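Chemist: Below are the structure tokens for one structure; questions will follow.
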Amino acid sequence: MPGFKRILTVTVLALCLPTPGNAQQQCTNGFDLDRSSGQCLDVDECRTIPEACRGDMMCVNQNGGYLCIPRTNPVYRGPYSNPYSNPYSASYPAAAPPLSAPNYPTISRPLICRFGYQMDESNQCVDVDECATDSHQCNPTQICINTEGGYTCSCTDGYWLLEGQCLDIDECRYGYCQQLCANVPGSYSCTCNPGFTLNEDGRSCQDVNECATENPCVQTCVNTYGSFICRCDPGYELEDDGVHCSDMDECSFSEFLCQHECVNQPGTYFCSCPAGYILLDDNRSCQDINECEHRNHTCILQQTCYNLQGGFKCIDPIRCEEPYLRISDNRCMCPAENPGCRDQPFTILYRDMDVVSGRSVPADIFQMQATTRYPGAYYIFQIKSGNDGREFYMRQTGPISATLVMTRPIKGPRDIQLDLEMITVNTVINFRGSSVIRLRIYVSQYPF
């Protein structure tokens, strides 16, 4: 029939053999004695033997045995022939009818082996290895597994049976691997991402501590899950390669990091001060050293040491020019009885002061006022000389006082001498006179 395989049903004769010494009968393998009829009946091994066929094989009962065939193979059963209609087949010569006292031969082994077995040279029924003899019907994609009295068609690990074919199982679809999975025919392999190593179970991945094994960083290595990062010591910054560290030039970040000068060093920096200053505890600010107070100056005995920001000045004693007379260490007076003093200021008072270079403006830097106020008198304040650059002006702040104002920033070092004149006018007694403060201004080199 088209589409079917004809499976030959083997008819096996069941011989009822008397047991020597008594009249009890015995059947060959694959048959059981029916005591009611005295006949040998076929044993259905497919029902009595647990898992007679394994895998995707189907058990087909045969007379005196059974057959394991693929489930996909259709079976056509031929006409059943009763083995008991003629207890002796044509293949076996008919035995002579027994006499009244037959002499039965002693039979220790069956003469016929059931299906799936064959008789060896010692008349023993041994299993037929269908897999070794290539007498199985397994598909080329399957493997043959021999069983007692038959065989089973199965698939190797990594394959499953689908419509009679062994198809590869894609283990990667089922998450067998923790990270990377590569499917191969009949198997799979797990791998790990960079920074991980495969554990002994072949599936899970463990982080690699690169800092402990390689220490790829120049300075500090910090392990992370699956990787690592490099860090630099204070004063260094990480380069673009993520491994090396280069010195950080802190001085380039801001011009206000140090009050005077910032000196960069590998991994750090420090502030320095110019001569005449010391660095304060904040390590950035500079403070003037008072050389005069600490007697760290070069002035001679006749000179006066005047401390400046960042230095000092050795001031000579004042010299009063004719017709002036020196009346103190810092004052010259022109006597009223001297005719040459008529148009001259009555007194010249010497004063010294210092300002830092580039001081912000406008700035009130000096105060001037009359010591005595006369009835009917008023006062005029002005810069008599020394203001050629128009960097100062006098602002009268009251009837008898005025303030010297610096209007432009002055860059040092520089020495300036201004004659500040106070004119006294008294209309009651028709008097007009003046006095001068000779102000010497020392501008330091630095703005601190």
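Positions of Cβ are set from backbone N, Cα and C atoms, glycine also.
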Chemist: Disulfide-wise, see what Swiss-Prot says C245 is paired with, picking from C232, C251.
Modeler: C232
Chemist: Among C177, C205, C211, which cysteine does Swiss-Prot link to C192 through a disulfide?
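Modeler: Record-based pairing for C192: C205.
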Chemist: I want to verify the bond table. Which candidate from C153, C155, C190 sits on the other end of the disulfide that Swiss-Prot records for C177?
Modeler: C190
Chemist: Pick from C251, C271: which cysteine does Swiss-Prot list as forming a disulfide with C258?
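Modeler: Partner cysteine, according to Swiss-Prot: C271.
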Chemist: Which of these links to C144 by a disulfide bond in Swiss-Prot: C125, C131?
Modeler: C131
Chemist: If you pull up Swiss-Prot, which of C286, C314, C320 shows a disulphide to C299?
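Modeler: When Swiss-Prot is consulted, C299 turns out to be bridged to C314.
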Chemist: According to DSSP, how is the domain 'EGF-like 2' (127-167) divided among helix, strand and coil residues?
Modeler: 0 helix, 18 strand, 23 coil
Chemist: Roughly how many angstrom lie between the C-alpha atoms of C53 (disulfide bond) and C59 (disulfide bond)?
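Modeler: Counting only the Cα atoms, the answer is 6 Å.
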Chemist: Does DSSP put C251 (disulfide bond) in a helix, in a strand, or in coil?
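Modeler: The residue in question, C251 (disulfide bond), is helix (DSSP, three-state).
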Chemist: What is the three-state DSSP composition of the domain 'EGF-like 3' (168-206), stated as helix, strand and coil residue counts?
Modeler: 4 helix, 16 strand, 19 coil
Chemist: Between C-alpha atoms, which of these disulfide-bonded residues comes nearest to C292 (disulfide bond): C153, C251, C262?
Modeler: C262
